[in-house]
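Trainee: Sharing the features that TrEMBL gives for it:
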- Asp33, Glu57: Mn(2+) 1 binding site (BINDING)
- Asp87, Asp90, Glu215: Mn(2+) 2 binding site (BINDING)
- Asp90, Gly91, Thr92, Tyr121, Arg166, Pro167, Arg168, Asp188, Gly189, Asp190, Gly212: substrate binding site (BINDING)
Amino acid sequence: MDRNLTLNLVRVTEAAALQSARYLGRGDKIKADEAAVRGMRRMFDTLTIDGVVVIGEGEMDEAPMLYIGEQIGKATKDSIKVDIAVDPLDGTTAVAKGLSNAISAVAIAPRGCLLHAPDMYMEKIAVGPKAAGKVSLDEPVETNLKNLSKALNKDISDITVTILDRPRHKELIERVRKTGARIKLFQDGDVAAAIATCFEDLGVDILMGIGGAPEGVLAACALKCLGGEIQGRLYPIKDEEKERCKKMGLGNVDTLLTMDHLVRGNEIIFAATGVSNGKLLKGVVYYEHNRAKTYSVVMRGETGTIRFIEAIHRLDKKPEYAK
Ligand SMILES: O=P(O)(O)OC[C@H]1O[C@](O)(COP(=O)(O)O)[C@@H](O)[C@@H]1O
């Protein structure tokens, strides 16, 4: 894929973040999400790609924009055909409540390379580069933490496990605590939490637990670029979810989804911009004179280059970013 696309993709998440951050702390997660979708969708129109959304805001009848199957970009005859995974706002509740860790994220890969993960839960385990290949969803929690401690060469009491703070994780939390490892619970945003395992100074060594399946694919795109590892297993709860897996040709839902199942190859570009403050990315800051600052990260699987980008936006000169 054209490497210039890398920087253009950041514009897409910046636009979404700038729009949705306006709703930080306003108690309206729907409006925050709609704003992110609008900003992202508009900016996508400027990219010369032949894209199709495979992870998006829902089916065509549920979502007006960025729905699954929607054609994206200004395609020319030379445009590369790509799959697009979007989460215009990962952390809608966080934004509504003015809490941390919300990001806007997008990934692209050549057509056919991204798993068309249905909108349901997925069990996940994610680690950074030093522990890639050393943990498995097929192993018990205790074994994984023992192997992680060996891989990182630190005592199990110095391992920090990050887990979504949900009642469904009660047993997982108890088992982790029994091993002596520390737990960092978080309220929302498991894409950013999975990515954080790849940066030692962010203080989390492993992500465990159940979150959204679409978010699992986005996290896999980022972790491929970063040299980490995420594995997933679909976690359908309702009968219609099981039916949906079958219809989508996902076969046995118990299959352990490796990195290559989630995203094939390493021709990947992933970009994210902070909406509210998080450890990985700071949120949008609005300044006087209609200026705003964004913090983004963009990465390419082929080269493994990771760029952190701080941008100052003159909203008076870019009215499309301002509303
Ligand atoms: O809130 P639930 O139902 O436990 O779902 C977990 C999912 O919710 C999130 O925390 C936020 O997702 P939304 O922005 O769609 O609300 C995800 O990061 C995570 O994968």
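Glycine too: its Cβ is placed from the backbone N, Cα and C atoms.
In TrEMBL, annotation is done automatically, which means it is predicted and not curated.
Burial and contacts for the listed features, if you can.
Mentor: Taking Cβ-Cβ distances under 8 Å and a sequence separation of 6 or more, the neighbours of Asp33 (Mn(2+) 1 binding site) in its chain are Ser20, Glu57, Pro88, Leu89, Thr92. In three-state terms derived from DSSP, Asp33 (Mn(2+) 1 binding site) belongs to a helical segment.
Neighbour list (Asp90 (Mn(2+) 2 binding site), Cβ cut-off 8 Å, at least 6 residues apart, same chain): Ala102, Ile103, Ser104, Ala105, Asp188, Gly189, Asp190, Val191, Ala192, Glu215, Leu218.
The Cβ of Gly212 (substrate binding site) has 22 other Cβ atoms within 10 Å, all protein chains considered.
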Trainee: Count the other Cβ atoms sitting within 10 Å of the Cβ of Glu215 (Mn(2+) 2 binding site), across every protein chain shown.
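Mentor: A count of 25.
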Trainee: Just to confirm: which same-chain residues, 6+ apart in sequence, have a Cβ under 8 Å from the Cβ of Asp87 (Mn(2+) 2 binding site)?
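Mentor: When sequence neighbours closer than 6 are ignored, Asp87 (Mn(2+) 2 binding site) has Ile55, Ile103, Ser104, Ala105, Val106, Val191, Pro214, Glu215, Leu218 within Cβ distance under 8 Å.
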Trainee: Around the Mn(2+) 2 site recorded as Asp87, Asp90, Glu215, what other same-chain residues have a C-beta within 8 angstroms of the site's C-beta center?
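Mentor: Going along the sequence, the neighbours come out as Leu89, Gly91, Ile103, Ala105, Gly189, Asp190, Val191, Gly212, Pro214, Leu218.
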Trainee: Where the criterion is a Cβ under 6 Å from an atom of ligand 1, which of the binding-site residues Asp33, Asp87, Asp90, Thr92, Gly212, Glu215 meet it?
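Mentor: Cβ < 6 Å from ligand 1, in sequence order: Asp90, Thr92, Gly212, Glu215.
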Trainee: Measure the Cβ-based neighbour count of Thr92 (substrate binding site), defined as the other Cβ atoms within 10 Å of its Cβ.
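Mentor: That number is 24.
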Trainee: Mind giving me a neighbour count for Glu57 (Mn(2+) 1 binding site)? Other Cβ atoms within 10 Å of its Cβ, every protein chain shown.
Mentor: 26
